[in-house]
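Over in TrEMBL, the protein carries these features:
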- 1-397: domain 'Major facilitator superfamily (MFS) profile' (DOMAIN)
- 37-57: transmembrane segment (TRANSMEM)
- 69-89: transmembrane segment (TRANSMEM)
- 95-116: transmembrane segment (TRANSMEM)
- 128-150: transmembrane segment (TRANSMEM)
- 156-176: transmembrane segment (TRANSMEM)
- 213-235: transmembrane segment (TRANSMEM)
- 247-267: transmembrane segment (TRANSMEM)
- 279-298: transmembrane segment (TRANSMEM)
- 373-393: transmembrane segment (TRANSMEM)
Amino acid sequence: MVLAQFGLFMAIVASMGYSLSVRVAQLAPGNQGVLGFVVGAGSLILVFTGPILGVLSDRTRSRLGRRRPWLPGLIAVGLAGSVIVALAPGVPLLVLGWVIVEIGFGSAMAVLTNSMADRLPASQRGRVAGLVGVAQMGASILGVAVASVFASSNLLLFLVPAGVGALLALLFFALVDERDSRDLPFDDRVTARLILSKYVFPVRRYPDFSWNWLGRFLFNFGLTLATTFTTFFLASKLGVPVTEIGGLVATVGAISIVATMGGAGISGYLSDKLRRRRAFVFCAGVLFVLGSVTMALAPDLIVLMAGSFLANLGLGVFSAVDQALVLDVLPERDTEAGRFNAINQFSTTLPQALAPFAAPLVLAVAGGGNYPLLYVVSGVFALAGGVVILLRVKSVR
């Protein structure tokens, strides 16, 4: 499961963090806002497809279980989208291709998250979420490093990370068993009206799930504000052309990955050991805002890397502990885990859809290209998310 998450995250984030920037620079030189539109469109589509997949997988009855049957088809869709993105002759087809990538690989990641909810007892959630967080952060750095090697070939730029992700996800499908679901009951037939009704839930009935959702939304909004434009930020800060920034992105990320993996792995273990979640999430917000402000004000590469180290430490803590917290407060775990995981995923996909559209408004302040302000604002949003979870989630310590 951890390896599959690693692969799929590499397939998506290598493109989002580097490869898409290269393609936007090719197809719309000087128009960096196009990147936000492309990423936002891909994330927005998951808002609509996520609950559909969740409801259908909850109700899938097969010898292979409820989750595994969906993986091969979704992986094929993701690979097809990668080819379209790589070969797109213009921005409209680039957007379409990225939407297809998100439907395929993004939905496959949701399938794995649903599988985690089905399998993990409370005593292991922090540790496994920590390992997944480590894998995902490692994949983001390794993916950019691998993609940058193939910067001269658009096709390899996208297909190499996507191929690694597809292979690891298919290994999960082939080697990991899931209980036969043909004997599981479900009360209501799948209809369009039923699926539409699953997009919403009674907020007051599940207050901790709701408050945690809001905290995650704020944190992820801040995270997406910064990470979507990392390549352009570094290029602007250091005076390096975008097409030559891949190695530098990987270098900065490689230094920060130690913090990210350490934050995710150690905090996940300690969270289970101490039976505490909220304090760790709050500390994650504090670390992220300190790192973001440091990067914004950095006078040189050394200070910039120190800020990235702090921000990634906070991100590692958040990615591990809050994922465990999600599983702790997930409503209707036995019957509708897929549905509520999909709703929870809105707290990631909505920020990923909205923040790229909001970022150009922040960048436009004081004449345009205001990346320092963008990073300060991103840190403030992340801290606000940590505060909401610390103060409002009650059933989990």
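Using the three backbone atoms N, Cα and C, a Cβ is placed for every residue, glycine included.
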Contacting positions for the transmembrane segment (373-393) when only residues 6+ beyond its ends and CB under 8 Å are counted: 207-208, 211-212, 214-226, 229, 233, 277-279, 281-286, 288-293, 295-296, 311, 314, 318, 322, 325, 329, 359, 362-363, 365-366
For the transmembrane segment (37-57), distant same-chain residues with Cβ under 8 A (at least six beyond the ends): 16, 20, 24, 66-67, 70, 91, 94-95, 98-99, 101-103, 106-107, 110-111, 114, 190, 194-195, 198-199, 228, 336, 338-343, 345-346, 349-357
Confidence summary (mean pLDDT) of the domain 'Major facilitator superfamily (MFS) profile' (1-397): 86
